[in-house]
Amino acid sequence: MGLNLLPIEMDDIRKRLDREPNEIEWRVIDAVWSEHCSYKSSKIFLKSFSIDSPNVIMGIKDWQDAGAVDIGDGWAIVIKVESHNHPSAIDPFNGAATGVGGIIRDIISKGAKPIALMDMIRVGNLKIRKNVWLLKNIIAGIAAYGNSIGVPVVGGELSFDDTYNDNPLVDVAAIGIVRKDKIKPSIVDKAGLKLVLAGLTGIDGLGGASFASRKLSGEDEIGAVQIADPFAGKIILDITLEIADKVEAIKDLGGGGLAVAVTEMANGLGAIVDIEKIPLRVKNMNPADVIISETQERMLYAVEEKNVEEVCKAFEEYEYPCSVIGEITSEPIIKFRYFGKDLVSLPTNALLEPPKFLWPIKNVRKNVEEKNVDLPLESTIYTVLSHPDLVSKEWVYSQFDYEVNTSTVVKPGDANGAVVSLPNGKLLAIKVDGNPDLCSEDAYECGKGIVAEAYRNLATVGARGMVAVDHLQFGDPKKPEVYYTFVEAIRGIGEATRFFNIPIVGGKVSFYNENSQGKPIKPTPLIVMAGLVQGKLLKNRVEDSSYVVLLGYTRKELGGSLLSKIFKVPSQAPKVRLQEDLLSSEVVIDAINEEKITFAKDISRGGLAASLFNIIVHGYGVEISTKSILSDTDNVVENLFSESSGRFVILTNEPEWIVEKSRSKGIVASIIGKVNKKTSILTIDNTDYDLKTIVNNYFNFLEEVIGNG
């Protein structure tokens, strides 16, 4: 049957049922109990993310399709992150496009209007033509769906590493807006409701949940990839929001198809589904395939009988298929019937409570012998600043209609965080962060670090983080060294979110990100954080003669840094000092509201040098004195490329104000230089380094690589 179930799981369900499941029931169990849908190897740890907060309307405890947070004035935001890694490795266009469609449906399942998307893409070395092909088609798929459906892509991340050569990561986050008293659940609490299905069911995406719960085999798996139809998605979006007041619950048909959607919506009650009533795209489909098909652009609604006609009429006006396929029952049994014959009859609780697994762990944290960095400064600057991770992503943003709906306040690439306007007049900043290189060195510090970095990034536009979702992407959890990094990353994320008092209201776990030889990707957890602008919004601008202020203390911590990755520098990973991140962020927010700064950039990937380069690409030069850097090392390379947390580069005309404000908060700040009109020149300790070639590479690298790919 090609099941992913372990022998222990098969024995477990036999004991619970006191019988042997039939072949179709095995396929249903395989889908519902898949790692993709059940979180059986992670759920016990995810509970540690729960933070009681008066602003949380729907959180991780609720375990629904998206999280929701009160933002005041009767409004709430809905937030979700998802991935389509395995499908994008096989069919990058449809894999990425359906990832966008799926997360939009998660947002509208709460009755919320999607207002922003963010994409996080990681692919392999662009010297390999296949990776160029993957990137082009991933971007094209995201653009095709987002642009067609009218939801702006406002920002994201794009990075490159050999670890993703066979296993690209494609993550999409979405934000929606809804009146908080209009939020819809994805589950029901009473029997007698009719199950209404909108959309056609086809043979695409068969076994997609199971496909996403195993490593890529290198075999023909195209049948497990869903096909995107953004125009149908637009119909689903508009009508779902139109009829939201007429339905009791809404659920997207994602992984596992109807098998999972019906079971989860029933929420401990039961359901009867008549398969012959399901509208089909392909005639004479096998009933078992109908149950687990993951055809896109479908939604399931639980509807009072008196409202069914009105709900279906809304779809009929668009000639979009809509049918009553069953009902919620008081008997806690999930039944799929075909012309009156039971094909599936399984207890709801048995499906919703798969065996939970705690796998062995093996400590892989590295003990590194520190050595002095002895690298030539000039060539090191040129090499690091030329890395593809640091180049402009304008080629990507140009594919997206990021100003559709006119809610985008800060365009992609113009700041460290995206900013959108809300109906209550407030501004919402959004940022995503990940650091797989640091996670490879120390997953615990990485977990703390990505939360802290997202918090700092929001501060650079004047926002304070208030809510987050996470996405945890790892290899096979049964491998002790993989499971160790997973557990450690969760420990770090949990510690940091509790410190900042930021509730994680949802997320995603993606295991089995491995190639056909079983080599796992670098551990790649992500944090998507959102927060309200606290007063004034900072839109970065560079002015001649501005002072360059370095906020925070620099340490000789090069492990997991871009410098270490390129030059194999042995060094300890940075210790994330959350108090320093918090205090330095507060200084930045205060300075923005007092209009004391014109530019703020957190120091992360590429260190201080990369942040200074971010000033230079605006058409200016920068001169600094490394002797002014407050640090535990006098090595110039270490000071320029350390990725110690808690630091910012600030441009100001009142540097002493920044220094004094920092001192009052208990952190350090130093005036290290000035901006000048020497275009593309970085002056370090009175020596000029001409970066014209690097600046040209910054603006043109992606277009040239993609154009030649």
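Using the three backbone atoms N, Cα and C, a Cβ is placed for every residue, glycine included.
The local packing around His36 (active site), expressed as other Cβ atoms within 10 Å of its Cβ over all shown chains, amounts to 25. Secondary structure at His36 (active site), taken from DSSP and collapsed to helix, strand or coil, is helix. The active site annotation in Swiss-Prot covers His36.
What Swiss-Prot records for His84 is active site, proton acceptor. DSSP assigns His84 (active site, proton acceptor) to coil, not to a helix or a strand.
Residues within less than 8 Å, Cβ to Cβ, of Asp470 (ATP binding site) and separated from it by at least 6 positions along the same chain comprise Phe49, Val81, Ile493, Ile504, Gly507, Lys508, Pro525, Leu526, Ile527, Val528. Taken from Swiss-Prot, the feature ATP binding site applies to Tyr39, Lys80, Asp470, Gly507, supported by sequence analysis.
Residues or ranges marked as Mg(2+) 1 binding site in Swiss-Prot (evidence: sequence analysis): Glu82. The C-beta environment of Glu82 (Mg(2+) 1 binding site), restricted to residues of the same chain at least 6 apart in sequence and closer than 8 Å, consists of Gly99, Gly102, Ile103, Asp106, Asp171, Val172, Ala173, His471, Lys508.
Under the heading substrate binding site, Swiss-Prot lists Ser83, His84, Asn85, His86, Arg105, Gln226, Glu294, Thr295, Gln296, Ser510. Residue environment of Gln296 (substrate binding site) contains 26 other Cβ atoms, counted within 10 Å of its Cβ in all protein chains.
Its own atom aside, the Cβ of Asp252 (Mg(2+) 2 binding site) has 25 Cβ atoms within 10 angstroms in the protein chains shown. Look at Swiss-Prot and you will find Asp106, Asp252 tagged as Mg(2+) 2 binding site, backed by sequence analysis.
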Determine, using Cα-Cα distances only, which of these recorded positions is closest to Arg105 (substrate binding site): His36, Tyr39, Lys80, His84, Asp252.
Asp252
Would you mind pulling the DSSP three-state label for Asp470 (ATP binding site)?
strand
Expressed in angstrom and rounded to a whole number, the substrate site built from Ser83, His84, Asn85, His86, Arg105, Gln226, Glu294, Thr295, Gln296, Ser510 spans a maximum Cα-Cα distance of 20
Radius 10 Å, atoms counted are CB only; among the binding-site residues Asp106, Glu294, which position scores highest?
Glu294
List the residues in the vicinity of the ATP site, defined as same-chain residues other than Tyr39, Lys80, Asp470, Gly507 with C-beta within 8 angstroms of the site's C-beta centre.
Leu46, Ile60, Val81, Val469, His471, Leu472, Ile504, Gly506, Lys508, Val509
Fewest-neighbour residue among binding-site residues, criterion Cβ within 10 Å, set Tyr39, Asn85
Tyr39
Maximal Cα-Cα distance (Å) across residues annotated as binding ATP, namely Tyr39, Lys80, Asp470, Gly507
16
